[in-house]
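Copied over from TrEMBL, here are the features:
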- N10, E386: Mg(2+) binding site (BINDING)
- K17, H210, L211, G212, N213, G214, D284, M285, R286, G332, V333, G334, E335, N336: ATP binding site (BINDING)
- R93: substrate binding site (BINDING)
- D150: active site, proton donor/acceptor (ACT_SITE)
- H182: site 'Transition state stabilizer' (SITE)
- R243: site 'Transition state stabilizer' (SITE)
Amino acid sequence: MAATRVLVLNSGSSSLKYQLLDMRDAARLAAGLVERIGEQTSRLRHTRLTTGETREHTGPIADHDAALKAVAAELGRDGLGLDSPELAAIGHRVVHGGMFFTEPTVIDDEVIAEIERLIPVAPLHNPANLTGIRTARALRPDLPQVAVFDTAFHTTMPESAARYAIDPKIADRHRIRRYGFHGTSHAYVSRETARLLGKDPSEVNVIVLHLGNGASASAVERGRCVDTSMGMTPLEGLVMGTRSGDLDPAVIFHLARVGDMSMDEIDTLLNKRSGLFGLCGDNDMREIRRRIDEGDEEAALAFDIYIHRLKKYIGAYFAVLGTVDAVAFTAGVGENAAPVREAAIAGLAGLGLALSPELNAVRADEARLISPKDARVAVAVVPTDEELEIATQTYALVGKHN
Ligand SMILES: Nc1ncnc2c1ncn2[C@@H]1O[C@H](COP(=O)(O)OP(=O)(O)O)[C@@H](O)[C@H]1O
Ligand SMILES: CC(=O)OP(=O)(O)O
Ligand SMILES: [Mg+2]
């Protein structure tokens, strides 16, 4: 029997998302999510997509090792376990690949050591990714495991965009530079946007706005990333669900010296208690819109700050690219929140941007244009699919090695 299945693992700091795909036709066989890992109220939700059956378990799951073993058990119950001879490979989302990894990479001890060396610049993400890799290798030592890096798509950024304006000797010693993240999504969405326009990716310039809980923008010139809004870590750039995005670095000195906060407290403040959540107590755009509709001023201000930052990046990437063929909205907010798209594009007619209110209001799962027919620059909604992209890259690499 040919091995044509790929299991994709996306380990976040407190979650594990997974999908099992059959790469003959990219069909999804199973998918699920373990949330609140490390808490008493962890939850595993598993769906067997071939039948639609969903199972849910709550109760403590101590760490990513236990989470992956629980997932393996659920897959086993559906006859889709990790011991299946049909499994060709496991593809891991690895958030930080530094400068070293520019391509999907078959994981060996050397690769693991390098991902480990990058922990200081990705303390929230790489440890969880490593646990997922180690547990998966222990469960199936014979199976190829592939790392697909969030940073890889951004390694084409020129030095002028990737470097911070600090002493290069200090920067190089501590690996301080702008790496960018969500690269798998930016790559996939920029390509799908070109396809929507009936063009080859090498023929178009696209601004991709990945607006999920984490959010980032990228400027993609003829298929290559030339700038992105996240930096050394996923804290820089846009206002996010719980992250501040850009701020004057002196705010940190001030909070330490005058606010009497420790570095760990400031880290938690900026990563977990800022952004939309810090501004108004909610990080879900649905809830924020509901509150705005009820006249809530705090929620309205949070929304305005979010939109103001987003507009600044759209403008900046017009300047970086010179000419823009399309602006593409993606991820949870970008794909679903019509009011965010409307507010982000409003007032940008000078850049050739406009929306059709009718098209913007359409709810659909496919890539679609939401700009009027005669618009100078296309505006699109393009659903991202990081799992499919990781599975495709994993399978392509493993096929080559077989
Ligand atoms: N129907 C919707 N309307 C508005 N916002 C939505 C909707 N569905 C999801 N979202 C937003 O998308 C976010 C999650 O996006 P997602 O891309 O799944 O994030 P992540 O992968 O970072 O967890 C939610 O926090 C919420 O703000
Ligand atoms: C890198 C990053 O921010 O990822 P996420 O959006 O999954 O938190
Ligand atoms: Mg995401």
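Glycine too: its Cβ is placed from the backbone N, Cα and C atoms.
What you are looking at is a predicted structure, and each value in this text was computed from that prediction instead of being measured.
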Quick one: which of the recorded positions (K17, R93, D150, L211, D284, V333) have their CB closer than 6 Å to ligand 1? D284, V333
Among the recorded positions listed here (D150, E335), identify the one with the smallest other-Cβ count within 10 Å. E335
K17 (ATP binding site), DSSP three-state class -> strand
Per DSSP (three-state), H182 (site 'Transition state stabilizer') is coil
Cβ atoms within 10 Å, counted per site: which of R93, H182, R243 has the most, among these recorded positions? H182
Which of the recorded positions R93, H182, D284, R286, E386 has its Cα closest in space to the Cα of the residue listed as 'active site, proton donor/acceptor'? H182
Closest by Cα to R286 (ATP binding site), out of the recorded positions N10, R93, R243, E386, is R243
Sequence order is fine: just name those binding-site residues in R93, L211, E335 with a Cα within 10 angstroms of N10 (Mg(2+) binding site). R93
Where the distance is taken from Cα to Cα, which of the recorded positions R93, H182, R243, E386 turns out closest to N213 (ATP binding site)? R243
Chain-internal residues near V333 (ATP binding site), provided their CB is under 8 angstroms and they sit 6+ positions away: L211, G212, A215, M285, V340
Nearest-integer angstrom distance between the alpha carbons (Cα) of E386 (Mg(2+) binding site) and H182 (site 'Transition state stabilizer'): 9
Alpha-carbon spacing, E335 (ATP binding site) to R93 (substrate binding site), which is rounded to whole Å: 22
